[in-house]
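Residues annotated as Zn(2+) 1 binding site in Swiss-Prot, with similarity to another entry given as evidence: C40, H62, C169. The Zn(2+) 2 binding site annotation in Swiss-Prot covers C92, C95, C98, C106 and is backed by similarity to another entry.
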Amino acid sequence: MKSRAAVAFAPGKPLEIVEIDVAPPKKGEVLIKVTHTGVCHTDAFTLSGDDPEGVFPVVLGHEGAGVVVEVGEGVTSVKPGDHVIPLYTAECGECEFCRSGKTNLCVAVRETQGKGLMPDGTTRFSYNGQPLYHYMGCSTFSEYTVVAEVSLAKINPEANHEHVCLLGCGVTTGIGAVHNTAKVQPGDSVAVFGLGAIGLAVVQGARQAKAGRIIAIDTNPKKFDLARRFGATDCINPNDYDKPIKDVLLDINKWGIDHTFECIGNVNVMRAALESAHRGWGQSVIIGVAGSGQEISTRPFQLVTGRVWKGSAFGGVKGRSQLPGMVEDAMKGDIDLEPFVTHTMSLDEINDAFDLMHEGKSIRTVIRY
């Protein structure tokens with residue numbers, strides 16, 4: 001079938017809006033009509049060429065919502081007409097990782113997904129007869145996309161796709177990191193480095209967890225009003241100080257902050273976040289994705305004296321079994337999604353959405369098909 005899509009033909013170049021061909025779903029696959037998709041920093045990261053798994057030409061997009069159109073052989077968990085959110089972190093329930101109960105990092109489709117392919121090692125997209133790669137198992141920058149059954153969460157059909165599409169990545173990542181990775185407790189202190197969608201979601205999650213002091217940190221003070229709306233008690237612009245941000249936080253508590261979250265992808269900030277964590281028990285959670293080949297460093301003394309460095313992917317949330325519940329929470333108002341959507345656009349305007357992101361003028365732009 002034909003589908004309008006925003007295709008990245010080469011790194012560092014604007015997306016091109018073209019009509020592509022989408023093949024029917026094969027065994028264990030599902031064809032969906034995407035209704036809405038967020039434009040995320042991870043899409044921009046891959047488009048920049050810094051992503052070690054980036055392949056081109058590719059249909060980007062991984063933060064979407066849509067409706068099932070057709071199912072392939074053997075698919076039983078969804079049917080045409082079901083409302084779904086594609087998952088870049090699958091949940092098969094059968095691999096070693098799923099069976100362990102210790103992680104959300106299912107590996108059922110990981111090997112092929114990292115190569116931009118469907119589980120059978122081929123692609124369902126083409127343009128003028130030439131194959132196009134998939135992206136993170138989702139490719140929501142196409143009006144129609146094919147996704148593995150294990151990479152779909154079935155959601156309440158009454159949910160507002162313009163809002164709940166954000167649960168496909170950023171908001172779930174931030175809120176989940178608070179509850180699942182850090183396990184923030186009432187009264188704990190929290191510092192959040194970077195106030196994009198993920199960082200703001202961490203702030204909201206910290207408020208849900210009844211954290212005491214919630215410190216929001218960003219060099220763009222225009223984000224502070226929204227941070228306060230989500231629950232920040234303090235907002236700090238590092239540029240307002242003539243000393244490192246670590247020292248600013250240690251002035252607040254000389255022993256450090258109970259939980260720090262790095263939501264940028266800057267290895268220097270990752271170190272600052274760790275070294276701002278509380279002596280004896282502080283945790284620092286890395287959420288931001290650093291560039292290819294970059295490494296983190298600190299003195300071992302920081303860990304010997306009780307600090308813990310952790311990472312979090314998709315907030316530790318298991319997509320098929322747990323994400324539908326988060327959609328219900330959003331519908332009840334327990335998760336506030338509307339403020340994240342600062343702009344809505346058509347697919348034809350998608351390059352403008354990337355510009356707004358790079359200029360720091362948006363939190364999330366949602367593309368409506």
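Placed from the backbone N, Cα and C atoms, the Cβ positions cover glycine too.
Projection of Swiss-Prot feature records onto the structure.
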{"residue": "C40", "record": "Zn(2+) 1 binding site", "DSSP (3 states)": "coil"}
{"residue": "H62", "record": "Zn(2+) 1 binding site", "DSSP (3 states)": "coil"}
{"residue": "C92", "record": "Zn(2+) 2 binding site", "DSSP (3 states)": "coil"}
{"residue": "C98", "record": "Zn(2+) 2 binding site", "DSSP (3 states)": "helix"}
{"residue": "C106", "record": "Zn(2+) 2 binding site", "DSSP (3 states)": "coil"}
{"residue": "C169", "record": "Zn(2+) 1 binding site", "DSSP (3 states)": "coil"}
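A gap of 22 Å separates the Cα atoms of C95 (Zn(2+) 2 binding site) and C169 (Zn(2+) 1 binding site). Closest to C40 (Zn(2+) 1 binding site) by Cα-Cα distance, out of the binding-site residues C92, C98, C106, is C106. The Cβ neighbour count for C40 (Zn(2+) 1 binding site), using a 10 Å radius and every protein chain shown, is 26. In sequence order, T89, A90, E91, C92, C95, F97, C98, V150 make up the list of same-chain residues 6 or more apart from C106 (Zn(2+) 2 binding site) whose Cβ falls under 8 Å from its Cβ. Counting every protein chain shown, the Cβ of C98 (Zn(2+) 2 binding site) has 22 other Cβ atoms within 10 Å. With every protein chain in view, the residue among the binding-site residues C92, C95, C169 whose Cβ has the most Cβ partners within 10 Å turns out to be C169. Cβ environment of H62 (Zn(2+) 1 binding site): C40, T42, D43, P86, Y88, Y135, M136, G137, C138, S139, T140, G168, C169 lie under 8 Å away, each six or more residues apart in the same chain.
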